[in-house]
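Asker: Below you will find the structure I want to go over with you.
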Amino acid sequence: MSPQTETKAGVGFKAGVKEYKLTYYTPEYETKDTDILAAFRVTPQPGVPPEERGAAVAAESSTGTWTTVWTDGLTSLDRYKGRCYHIEPVPGEEEQFIAYVAYPLDLFEEGSVTNMFTSIVGNVFGFKALRALRLEDLRIPVAYVKTFQGPPHGIQVERDKLNKYGRPLLGCTIKPKLGLSAKNYGRAVYECLRGGLDFTKDDENVNSQPFMRWRDRFLFCAEAIYKSQAETGEIKGHYLNATAGTCEEMIKRAVFARELGVPIVMHDYLTGGFTANTSLSHYCRDNGLLLHIHRAMHAVIDRQKNHGMHFRVLAKALRMSGGDHVHSGTVVGKLEGERDITLGFVDLLRDDYIEKDRSRGVYFTQDWVSLPGVLPVASRGIHVWHMPALTEIFGDDSVLQFGGGTLGHPWGNAPGAVANRVALEACVKARNEGRDLAAEGGEIIREACKWSP
């Protein structure tokens, strides 16, 4: 028996329930550079002090359980426990508060988003002492960031691969998303790419259904890519969705895409899971494939204001797990988001260092230590008349993705793609000439109509 164990065992063991705050509420604690920091929005049951509930969150997401156990004496709780180190009220919400929790780095497996989330959010959200709980933000320490590969390639490498600079990239989701045969699907891909788009996209629920098996879709889309490249002289791509029922099948589809010579594949990272996503990201880096990420199912997790997890946390997790693009909301269009809040997590995706800024929803300063950036994808419900606002809001390092805004053109798919490309280039040219896109956007688009269907 080690001296450490002998000493602790000699103190004795007293069973029973004790208040969490006696062990896990430590307002005097000074956070370490190696701690993972979390900001939780807590809505407690009536009559429970904030200190007790904040401590309960720290305990139940780290080393604690509902009672004292004798094996507590066999380890160092001071080394491994989570600590609620600060509590602040939520303006305008009398019953809510923000609990800040620090987790020692030793609690987490290196390079595993799966393990990080299992610890921090895996159990505590069902805690009956809380009416609701929402994870607003995480600070990932440099020491932990460096255990992740991150995106397969990143923004600059993608631009170099595509030879496209100085403007946002243009995409289109093929519609109807379900029911087309592989050949008709490939025809729509060709028409959009030939018209001037950089990418087309499988919808998130296009996998390998009876009406269109994945291998047939991959072959017809590859034919469309090569034909449009030959005719336009530009590099083109289609987000071939490799998401599958097993990791093995997913990798098999990615291997086939690589053998076809296409530049990019796609994954539904929340429904597919972080373990699968990280595996695919590693394969993509090793084999020169870009990786487009769809966030299908995100609203189940992030839509409720008081419960769940904010998308900025899912965005940080995606940058760690790996993806070159991720859908981020539009600020305009069918799925609007608060502008400042959206741009806050867009910066967390793209930039190397982001300062704390509560007005933009950024609770912690985040240093990514040169982890490659991720291109935000603005999509759903947008069209050419949104182009000035999108160009101004998202800047060059983004993907602007029009589904119905391309395929819904009265003259067909190719004219719809031409209209998008002309509108984008008109907005970029006007911006570079110093014109105000917010004030003159409508006029700029009307001028561009002279040269576009």
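Every residue gets a Cβ built from N, Cα and C, even glycine.
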Asker: Among R213, R215, R295, R303, which is the one Swiss-Prot gives for the substrate site where N123, T173, K177, H327, S379 also bind?
Answerer: R295
Asker: Within a 10 Å radius of its Cβ, which of these recorded positions (K175, K201, H294, H327) has the fewest neighbouring Cβ atoms?
Answerer: K175
Asker: Could you check which of the recorded positions N123, H294, R295 is the closest Cα neighbour of K175 (active site, proton acceptor)?
Answerer: H294
Asker: Compute the C-alpha separation of E204 (Mg(2+) binding site) from R295 (substrate binding site), stating it in Å without decimals.
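Answerer: Their Cα atoms are separated by 8 Å.
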Asker: Restricting the comparison to the recorded positions K201, D203, H294, which residue's C-alpha is spatially nearest the C-alpha of K177 (substrate binding site)?
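Answerer: So, of the listed recorded positions, the one sitting closest to K177 (substrate binding site) is D203.
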Asker: Give me the Cα-Cα distance between K201 (N6-carboxylysine) and N123 (substrate binding site), rounded to a whole Å.
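Answerer: Given the Cα positions, K201 (N6-carboxylysine) is 36 Å from N123 (substrate binding site).
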Asker: Quick check for you: of the binding-site residues N123, T173, D203, H327, S379, which have their Cα within 10 Å of the Cα of H294 (active site, proton acceptor)?
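Answerer: Candidates kept after distance check: D203, H327.
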Asker: What is the interatomic distance between the Cα atoms of H327 (substrate binding site) and D203 (Mg(2+) binding site), given in whole Å?
Answerer: 12
